Amino acid sequence: MKVKTLDELSKLADYSLVDTLTPDPDATHDGVDHYPREVFSGHYVPVKPTPIENPTYIAHSKQFFEELGFDDDLATSEDFMKMFSGDSSGFPEPLKKQGWATGYALSIYGTEYYEQCPFRTGNGYGDGRAVSILEAVINGKRWEMQLKGGGRTPYCRGADGRAVLRSSIREFLAQEHMHALGVPTSRSLTLYTSKTEKVRRPWFRNGSYSRDPEVMIEEDVAITTRVAPSFLRVGQVELFGRRARKKEHTRAMEELEQIVLHVIEREYKDEIEESLPLEQKVVLLAKAFQNRLTSLVADWIRIGYCQGNFNSDNTAVGGFTLDYGPFGFMDMFDPRYQPWTGGGAHFSFLNQPQAAERNFGMFIAALKPLLDADKEAGQQLEMIEKQFPRVMQGKMIKMWGAKLGLEHFDAELFNDLVTLMVESSVDYTIFFRELSNIPEDISTLKKSFYGDANYNEKLLVRWIEWLERWKTLIDVKTVPEREKLSQKMKKVNPKYTLREWFLVPAYQAAQREDYTLMHELLEVMNNPYAELSKEMEEKYYRLKPDELFRVAGISHVSCSS
Ligand SMILES: Nc1ncnc2c1ncn2[C@@H]1O[C@H](COP(=O)(O)OP(=O)(O)OP(=O)(O)O)[C@@H](O)[C@H]1O
Ligand SMILES: [Mg+2]
């Protein structure tokens, strides 16, 4: 039975888990709480979303609707549209008219920060424009639904609480693409925009090469609803860990314990036995999260994804991708690829394992106060922390092995490949996809070369030698064996990734109310491993045109909101 109406959807609401948490004792009763203020305690602030004006439908994820059992017509029905564009006035029972926003702490590459909060205490930092409005159990699975751009909360830090159409389209498409790539992620439900409500954002002049934004532009606002088992972040656990460590208030330790048990219930229920004592649960949680986080980062690298802003508050404790802000899918292979001008080298492409380790370290630090009385558990936690590089390395080796179709990873072959890829300026996606065809010679691999590598005899000779060595290692003797390996490699080496220069014309057209490109991208990027039509191949399986390199807003972004 499909969910066809908001009434039917409301029957699936189940706030029983969020209701076990502690609301901010200073919160207003009506949820009208839209100015920056310090929130000293509690796990969330009840807050009403602010609807966008005259919401217009742009897209919903058909695939995700199908998975949830939602009828497609729901996405354009009046009351559903109202709900997911921020208007809670007409909600049927038992839906809550107030949503909730959560506070979190920030650390960047393993250092605690407080300055990002207007009060310099960390008490004003959290979901500034993300408002959760529903927790529902659908076909036995619990989902939280969150409006991004749903208006100001006490954590808005003076900003407008909105997301613009440009960034919302990027996020909407990227989430579904990531899922199709087989990488854990929050999902996209719907995307609505307003043609009358606008906000101003710093941006670049057309065709500019500037690293920093040069002008203020006016943009349409939009709301994407994202969906996940929870939106718990490392930064959130950190907030309570810091408060407990500093004994900031009498309930600080209790609130930390509550949030940690909540994390287990929401994200690790199947892996951690309910009846265990708290200390053991904490140790198992650390281990389980380490396992997920390391797999996630290896997956990002497999598909050429750089998160750009991999702070602890952008790290989901459930171990999935969250916050599609200044992200990017790499074109030309560069170990130091970083699409965000504000991001720095520590969050660059091949440094993501190290950044993950730092975030993991902050997670461990947040858990520590709970183990003060149990020395042995404390030591186990430290052991787990120390194991991070080894676990991460293991996942990386497995991933590179799979990308190369090798049973046993060969470090020398791999290192030589990285050197060659850098020296030849190779398109990351096209190279591995072409290699997955197990080519006779290097002629098809050359499709992935940018620049002059094609005319560099010495380099070509090295490529020929490298390919020969690779072939001896993959050891396929018969045609069926070769076909089998090729198919296997094509399942880990996508043909299509959501490059920024595909996104730009799609959101530009959307600003003119032309959504064809956006829908085409949704279709193509939902099938990233497939062989699609010749037309799609010519459009989306090709090198980035020369003239788009270094162009602001295409090769790098400054602001994502
Ligand atoms: N327009 C805005 N209004 C209010 N708060 C904002 C706005 N833009 C960003 N923020 C807040 O700034 C902080 C850091 O920004 P970041 O880009 O990580 O967040 P985001 O893209 O809004 O977040 P996320 O996807 O992680 O919820 C977040 O707390 C976010 O809520
Ligand atoms: Mg964020």
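Backbone N, Cα and C define each Cβ position, glycine as well.
Annotations in TrEMBL come from automatic prediction, not curation.
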Pick the one from ARG120, ARG233, ARG336 that TrEMBL also lists for the ATP site with GLY126, GLY128, ARG129, LYS148, ASP160, GLY161, ARG226, ASP323. ARG233
Tell me, if you would, which residue among ASP160, ASP313, ASP323 (recorded positions) has the fewest other CB atoms within 10 Å in the structure shown? ASP160
So which binding-site residues out of GLY126, ARG129, ASP160, ARG226, ASN314, ASP323 are up against ligand 2, CB under 6 A? ASN314, ASP323
Just to confirm: which same-chain residues, 6+ apart in sequence, have a Cβ under 8 Å from the Cβ of GLY126 (ATP binding site)? VAL39, ALA101, THR102, GLY103, TYR104, THR153, PRO154, TYR155, LEU239
Neighbouring binding-site residues, C-alpha within 10 angstroms of ASP313 (active site, proton acceptor) - of ARG129, ASP160, ARG226: none
